[in-house]
Structure formats: structure tokens, C-alpha cells
């Protein structure tokens, strides 16, 4: 998945197409039912739960989620290979592990943990809770008590079930058009397919074994380090290595410090250098210059002595400037994708190329292989009536249940959303196929503003946030499905097995994602600005909904002017990136990535930058080694820290506190 949504998700192609081993033409292709196995589904559920935990942690802390597709494919391959090897040693016969089964596992895992992101557990759903309502201020204009709905395991699970399957049925009839006729690239889906194909060759299997060993090694290191850190983290949120004043207390007070987080260092290793540098630049601009300047205007621009979380003061500037950058980047990319989509489709209709083929042995083999892929992809058809009937039935269920969960969101508003959703899902899926950039959250925010403004002050905030979830889920899952169809096409997997495994993975996610979120909700202080789990996008999404209802009249002094400047800057930076040559544009920062530290702080930017520096040096010393193992090392760091969350949550639930509080103060203070 590659998205700029409630969180920023970063992905890029991991293998070039010409580097992957080709699939043998005479390889036996199992029936679509044989591609979906019990062992594959068990592995998918376990890995799905692990990646849901990791995604929730990232969503609730900084909101930046790197692509975990490599780790999913690698761990899926390793898990089944280890299991079959173990059974073989015991004398049991096992079915061969095929690339098609590997693809099904990959699809299930990604569909499952994707709901931890698109389900809004760190954004629009959490925006509805009482803590976020009180954080913004009970007397804040447009922030009404009737727009509060606290998290509940039952209603959240029901909501996810209702909205998550619609995207799967909305574009199924267009799979041939998107994959075969338009030949869209879907870079992440292509890279995943090449990775899976390489696993199922002798050379690729050897490399995969070494990558798994590397992943396991750094997973163990990360887990042990997180366990060690826990002993010094004390009670509260100001103790331990997470609050280590690496660069001195003055910079620490402006959130510039290294917090020894394996997760964020791992993110830095996975995310492109430009993303990491953009995050650091955003931290320097905001916490190095802008916020100290605005703080100096206390008593002039806003009342002095306000609390650190009062929207009438500095906190309001932080939130709204971050929103302006996110919206500027999102709107620009939305317009760009629509323009590119229309241009490409028009060009394809008008151009009737004359092809002169020069056939040699290599070309003939490639053409035969492509023909075989096309044949397999089209063999197991998914009837149009199945997709249409499924969509209509799900719309009917949603129209009857959504108003019960969110009373301000009337049935006719739900119906209107679902009428226009397939068109938006097509735009997003086509754009993702061209650029690998999903704009699900941008479509969600458009739905948020429109519905919030239509409903108005009588429940508009709650209705807008719910509509955001509806729109975001549909366009996100539709793009993910097309990405999976591309992966299945390149690994010679049945389109029907891809569709069924996506449904199974989504069903798993509808249960696992709320359960793993509930673990965080019951164990930690979620949403508090002073906690480790700030849930930054909860406040941002609620403020967006309030803006949709109330407008800009209640912003702090000069806040609107600063926001407008950053909104225009985001548009200008994106335009500059598109107009300049590639050798220059690759050094121009990404506004969406710059926006995150404006609200959260600079500490995670330091961690991610350390990760990118490690990768940069590694690439200079041994580029091939870095290409082969950086993803595995990063995944190990992220997974180890994520796994520690489970025992940490259990200790917290049973009120077992760390024995030591390590903190720092000036030497002259008592």
C-alpha cells in the first residue's frame, strides 16, 4: 500500500522487473481453490495480527507507516517453508509451497493490516471520543458534546464490517481494463510479485533464508532493547530513554532529542531518503524557528499563561498549520492524479499504434509467457452480477446500520456517498497504478468537509467523521484490490483466488484490527498530548470536521494568514517538484512528510534521519548488501519493538510499573 492518508504511508518499488527470475512456462498452475490453504490462512492470521499491532503503534505515535509488504512476503515464505520442513523431518508428506500460495498469504496479510490504517483507529474514529472533545475544549465553537462517541469494541467492529467490503466489489468488473488493457504498472504490486517470484527459485530461496536470519537477529535485538528500556521508564511519560536529552536540555525542551526507538530508526531505513530528510526539514522549520517565534508573541497574538493544549494558544497554531500543509499537498496531488488519469485515458483511446514485431527466441519466450499470464488471469472469471449484487446488498446493509451507529449520518447521505464512491475509487485506483500514490485520505477529507457542512451544527462533526471513514475505506480497499490483481497476474495466481483471499483477509482485519486496537486502548493513555501514544491525527481530523461546520472565524490571531502561507507553499513546492528535472526534483522536500513534525515534535525525525544516515553509509560501502538486507533489518527493528508492545500492554493492564524512573535536570537545580 502506498498512501497519504490519516497517516502517511511510504512505499517504493523494491526490485526492478528485470532483476527478478522469470516464471517457468511449464510450471504447473494449481487450481484457484488449491491456492488457498489452511496453513496459508493460519500464517496470514498470525502475521496479520502482528502487523496490525505495529500499524496501530505507528498510527498512535507519529502517524507515519512504512510499507510492510516485504516483511509480509518474507515472513510468509519463511513460516510455511519452516513448517513444511519440520513436518518433512518428522516423516509427514506435505504439499509443495507454490508462489501462488505465497501470493495468497501476502494478499491476506496486507488486507488484514490495511484495516488497522484505513479503519481510522488513529484518526477519524478516535476523533469522536470524549478525550479529543475535551482536549479541543468544551467551550470551543463548533465542538459539541453530542458529537462524541467513545470507542467501543462492538460498534467499531460492526462499523468496519459494514464499510470495508464495499471497495472490493466496486471495481471488480474493471480488473481486465486496469491490468491488461491499460497495463497499469502498480509499482508496489509489481515489486511484490517480483519478490515472491524470486523466492521460488534456488538463488532467491538462498537469499530469502539469509534475509530471514537477518530479520530474526534484529528482531531479537530490538525486542531485548525495548525490554531493557522499560525498566527505566518509570511511571508517567517523562522518564527513561524515550526522554533522553541527547543534544542538551535546551534542545530537548524543543523536542530535539534521540529517543532510542528501534521502530523509528527502522522506518528511516525503509522510507526513501527524501521522505526522511523532508521530515527533518519540517522539524527544523517548525520547532527550530516557527514555534519559538510564535511563543515569543504570547500576550500579543494570544493570551499568555494558557495551557500547553489550549487551542486558543500555541497548540492551535501547531494543529492548523499541520492541517494546511496536509490539505495543500493532498489537493495538489488529487488534481494532478485526475489530470494524469484523464490525459492517459484520452491518449489510449485516440492512439491506434501500428506494431512491427521482430521475433527472436527471447522475444518469443516473453510473448508466450505474457500470453500464459493473460490466459490464467482471465480463466477464473468473477461474474459481473456477483460484483453488482454484492455492492447493492452491502449498500442496503450500510444504509440501515450506519444511521444506528451514527444518528446524524442519515440514510440518504450514506446512499449519496455510495453512488459517487465507485467513480472516486476508479480515479484512486488508476492513479495508484500510475504513480504508486494512493490518495484515500484526501478523498476521505473531501467527504468529511462536504457532509459536515451539509449536516451543520446539529451533529455535523460526527456525521462528517463517519462519512470520511466510509469514503476512505472504499477508495483504499479498491486500490489495494487492483494492486493485488497486478501481483496475482505477475505470479500467475488466479484472479478468483486473489479476490477470495482479499475478502478473507478483510474479514480477518475486521476482527483483528479492532481487537489489537482495544489492547492499546485498555492498556495505555491514548490521545493525551503528554503520553507516548498522542494519536496526533485524532485532533487534526476533529478540527477539520469543526472547520467544515464553523469555518475559520475562531482561529487564533494571524493563524489563518500563517496557514494560508503554508498551504500555498505546499502547492508551490509540489509544482516545483513536477516542473524541475528529475536530477533536481529528487532534492525538493515532500510537504506531506514535512507536516507531521509540525504537530508531533522533532524527536522521531531525529530517529528516522539516523536510519537514513545508516542506510546512506551502508549503500556507499556495499550497495548490493544494502539492497538485499536493509528491508529485512528495518522490518526486524520494527517487528521486535512491536512485539514488545504485547507484554508491555499486559504489564500495564495488571498495573505492574517499571521499577526505575530515569530523568534529567540542570545540574544547578535542586
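In case you wondered, yes, glycine gets a Cβ from its N, Cα and C as well.
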TrEMBL annotation (transmembrane segment) - matching range among 12-34, 104-126: 104-126
CB contact flag for the transmembrane segment (153-174) and the transmembrane segment (274-294), at least three pairs under 8 A: no
Contact between the transmembrane segment (36-56) and the transmembrane segment (437-455) (3 or more Cβ pairs under 8 Å, separation 6+): no
Two-stretch contact, the transmembrane segment (596-618) and the transmembrane segment (437-455), at least three Cβ pairs under 8 Å: no
Distant-in-sequence neighbours of the transmembrane segment (503-521), which means Cβ under 8 A and at least six residues beyond its ends: 36, 41, 44-45, 48-49, 52-53, 56-57, 60, 107-116, 119, 121, 151, 153, 156-157, 160-161, 164-165, 168, 477, 533, 645-646, 649
